Amino acid sequence: MEPSPLSPSGAALPLPLSLAPPPLPLPAAAVVHVSFPEVTSALLESLNQQRLQGQLCDVSIRVQGREFRAHRAVLAASSPYFHDQVLLKGMTSISLPSVMDPGAFETVLASAYTGRLSMAAADIVNFLTVGSVLQMWHIVDKCTELLREGRASATTTITTAAATSVTVPGAGVPSGSGGTVAPATMGSARSHASSRASENQSPSSSNYFSPRESTDFSSSSQEAFAASAVGSGERRGGGPVFPAPVVGSGGATSGKLLLEADELCDDGGDGRGAVVPGAGLRRPTYTPPSIMPQKHWVYVKRGGNCPAPTPLVPQDPDLEEEEEEEDLVLTCEDDEDEELGGSSRVPVGGGPEATLSISDVRTLSEPPDKGEEQVNFCESSNDFGPYEGGGPVAGLDDSGGPTPSSYAPSHPPRPLLPLDMQGNQILVFPSSSSSSSSQAPGQPPGNQAEHGAVTVGGTSVGSLGVPGSVGGVPGGTGSGDGNKIFLCHCGKAFSHKSMRDRHVNMHLNLRPFDCPVCNKKFKMKHHLTEHMKTHTGLKPYECGVCAKKFMWRDSFMRHRGHCERRHRLGGVGAVPGPGTPTGPSLPSKRESPGVGGGSGDEASAATPPSSRRVWSPPRVHKVEMGFGGGGGAN
């Protein structure tokens, strides 16, 4: 190896590149990771500066007349809504709903570049709306959390004010230890809380349809208020219940004050009902709209399959959450309480008696082993069960014939009744007069009510469960109504499901048959067939006496009777010859007495032999209108 050359000063000079030793190779498995954490924020900050200066912006957003420019790449990465608009649809100008506040949207747009969001407490709902429309869920979650915290602080403030500075009506001494507060203070606090609750709940909020949080709010405020005003006078039953007479510190009753607090807490309740004063019960405050008689819905505690009365309010507060999903609904008709022997009515005055009939209870949540069956809005009579008693009942199989199968003793049959279009049950009562006549030989007398004829809308629809008998006649060949097992909500019964479905279409005003020429719609197929004759111009019915043609069969029948009568009385008439085309005369079975005013024998004797023709189908003329013309006799 040659020594490196020396400089005039004696220092070694660097070797040329070609003479430098090669660098040591790095191991093949070695990977060098270098991180630049400030690049991300610097990149977004640079993009935000370009947005503010209007540089390289390729999309515009309009909100209530204001236009904002931005980068489509940033919008697509920050919002699923913008991702669909700019990538899937390729839009360069986007108009947002007018429900959004332009100022709130401008702040949210800036947060997509900076990651920071500043908002006033009064504008949280506006930002929640913007986040919901743009599907920016991190903003929705944060606004929801802020609203929940604000509501909790407002609840604490109202509870403290109600417990310390409330004036009892009629007493001159304030109930709290503080100064005297006017009674309007409570009303203003209540209205303030109501307005805050209504403002903080927007349709786009994630907890807008969350009744549980509203329940927690109402329960906590009621419990705190009751603890401060009454002490230990609180009873829980799906929610706190205040006793009506409560004596304040000054000796005067504060019942009015407690009722006002109950109204305040009911505004955010779960909608299950209001508290009945003095009874400790809840009564429903909402009934679903329906064209049928309204029913009262009362939540009761699950009592298994036992028909004995059950308490209306859960007694154990620790089991309230478990029993909340095991509710039953008691349905009571107002105008049918006298007719139902086992019907019940919830006492408003707080009486201990509340007679509950198992036939009036419909299950909302079935046991896990039973499940909920698919219920048709028009149920057949084989779904009916007995109203009273628990003996085995035979049903009808799918083919319509009776089968000797019976219900299991552990699961008595549930009384399923016909439903109207809104899902309300139509009550069907057994006929007491026909129960004794339709009883089969050897049948116990106690089951007459469940095997008798069922009165539906004034018609008798035979026996519903006696093997081998329909309508009380052995052998299953009784009256014609015995085989009509398909019921409509209006009370009519049909022997075939297709007939019932066609009848239901009449109720629903469905017109499935369209005319291909004029687009008119018809409910029945034969109506369309008759209507098509008006487009073809065919007149298939021709009088055999005067050779006059008719389009409609009923018009032809009326004319034929009058024409034949005139021909018999006058003895003159144009009788068609052998070459005259004749239309279809009616069959012999339709030439019954009443046509022409006389009997059938007189008509045959008076009519000339040449005018009595054998019935033949009408002639068919083809018309080029896109469909085959025709339309013979029905």
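Here, residue 1 is simply the first one shown, and the rest follow in order.
Cβ atoms here come from the backbone N, Cα and C positions, even for glycine.
The feature compositional bias 'Acidic residues' is assigned by Swiss-Prot to 317-340.
Swiss-Prot lists 57-121 with the feature domain 'BTB', giving sequence analysis as the kind of evidence.
The annotation region 'Disordered' is assigned in Swiss-Prot to 167-247 (among others).
Marked as region 'Disordered' by Swiss-Prot: 308-461 (among others).
Annotation source Swiss-Prot lists region 'Disordered' at 568-634 (among others).
Taken from Swiss-Prot, the feature zinc finger covers 486-507 (among others). Across the zinc finger (486-507), DSSP classifies residues as 11 helix, 4 strand, 7 coil.
Feature annotation from Swiss-Prot assigns zinc finger to 513-535 (among others); the stated evidence is sequence analysis.
Across the zinc finger (541-562), the DSSP tally of helix, strand and coil residues reads 10 helix, 4 strand, 8 coil. If you look up Swiss-Prot, you'll see 541-562 (among others) marked as zinc finger.
Mean per-residue pLDDT, taken over the zinc finger (541-562), amounts to 89. Residues of the zinc finger (513-535) grouped by DSSP class, helix first, strand second and coil last, total 11 helix, 4 strand, 8 coil.
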